[in-house]
Amino acid sequence: MSPQTETKAGVGFKAGVKDYRLTYYTPDYETKDTDILAAFRMTPQPGVPAEEAGNAVAAESSTGTWTTVWTDGLTNLDRYKGRCYDIDPVPGEENQYIAYVAYPLDLFEEGSVTNMFTSIVGNVFGFKALRALRLEDLRIPPAYTKTFQGPPHGIQVERDKLNKYGRPLLGCTIKPKLGLSAKNYGRAVYECLRGGLDFTKDDENVNSQPFMRWRDRFLFVAEAIYKSQAETGEIKGHYLNATAGTCEEMLKRAACARELGVPIVMHDYLTGGFTANTSLAFYCRDNGLLLHIHRAMHAVIDRQKNHGIHFRVLAKALRMSGGDHIHAGTVVGKLEGDRQVTLGFVDLLRDDYIEKDRSRGIYFTQDWVSLPGVFPVASGGIHVWHMPALTEIFGDDSVLQFGGGTLGHPWGNAPGAVANRVSLEACVQARNEGRDLAREGNEIIREACKWSPELSAACEIWKEIKFEFDIIDTL
């Protein structure tokens, strides 16, 4: 045999195609504490056995290719290959299976969400043997978690910076999202903040357009923040969107926010990309800025039940890449969100140790080994009548982000903010007194209306507004 086709062990190379299961199916494998574990929902093509499909996923997302190659003999495949160690049928679904795959830690670059996703959700999602494939969950081992900085500051540090405790934080997205001049935009911010909100927000698609360049917006918003702080005696903030066409421009905008002395900036982490997001998170920690994350484009990736990536995986990835807030649905508003599923990934964002719980879609126990937590942001079609449910569902460590539910108040932005703040304070007080928000919520809001004309007007205008549609992404 010629040297070109001889392996390290001196055994001849046998060309050809062999079943993936001969190499990648290891049902007796005991997972290691250092393995990254993945749960994939597979829909094989007709005639493709589930075992072969699961092994193809393990192979194509790690060391495998479609045919045997002679360079396999130049490394130790048993050390580096992904292993499909279990396959379970999905109850109630025809021809759907959950394939569990273990990846050795050495396959991944330290501190790189980009590299992790390039491997695990790369070419395998276009594999012809699969009709559909969805990544349902990942177990990130402590050994890998410790290579990430994570959120720039986290929940407790943010509360200390703001000096605000014992309640959810309140925010508002400025509307109309596009078309306002910088000066009028700053005026809208000021009215909301002086009315009682903690934060206002750039919409995700506000960057630097002809009608409002970013630097002008930053200056007028900073003026609004300082003026509202002087009037209310509270620390205020506005999520200045630093998302840009290049990383250099993004960091320049963040640096301007720092120089203006404002507390927080914002990034669209999926459209901006994980490399850019991680770079911004490092900058924010080094320079004392909080980082708000918007998930624009997430539904393209996560909404279909049988294909894509579940949001709980995107949420874990954000906690690793870095962000102090992230939008997480509302359960009760206009955007998709099953209650149990939402509470599952909310815990994955906030808590340090989360037990496996399939009833909430959590496939693996996750230990974050003290990586800072992330505030979930409830946003999308919410108003004062939703406040009891939002307070009960999300608890104190959350941001309740209104938009039309503040700016649509018949008396203007500041009264809309007053209505939001009064309804929140009423719900928190009622909860602290032992009242049941889920059962008594409407009564609590009506009682608060008696001493707040702003809240009464808000309740009247939105009393018939509901968003009742079937949830697409269920367990």
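For all residues, glycine too, the Cβ spot is worked out from N, Cα and C.
Copied from Swiss-Prot, the annotated features are:
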MOD_RES   P3  N-acetylproline
MOD_RES   K14  N6,N6,N6-trimethyllysine
BINDING   N123, T173, K177, R295, H327, S379  substrate binding site
ACT_SITE  K175  active site, proton acceptor
MOD_RES   K201  N6-carboxylysine
BINDING   K201, D203, E204  Mg(2+) binding site
ACT_SITE  H294  active site, proton acceptor
SITE      K334  site 'Transition state stabilizer'
Quiz item: What is the interatomic distance between the Cα atoms of R295 (substrate binding site) and D203 (Mg(2+) binding site), given in whole Å?
Solution: 11
Quiz item: Taking the residues N123, T173, K177, R295, H327, S379 listed for substrate, what is the greatest CA to CA distance in Å, to the nearest whole number?
Solution: 37
Quiz item: Do any of D203, E204, H294 (recorded positions) have a CA within 10 A of K177 (substrate binding site), and if so which?
Solution: D203, E204
Quiz item: Rounded to the nearest angstrom, how far is the Cα of D203 (Mg(2+) binding site) from the Cα of S379 (substrate binding site)?
Solution: 12
Exercise. Measuring Cα to Cα, tell me the gap between D203 (Mg(2+) binding site) and N123 (substrate binding site) in whole angstrom.
Key: 33
Quiz item: By CA distance, which of the recorded positions (K175, K201, H327) lies nearest to H294 (active site, proton acceptor)?
Solution: H327
Practice problem: Translate the DSSP assignment of K177 (substrate binding site) into the three-state scheme. | Solution: coil
Quiz prompt | Per DSSP, three-state class assigned to H294 (active site, proton acceptor) | solution = strand
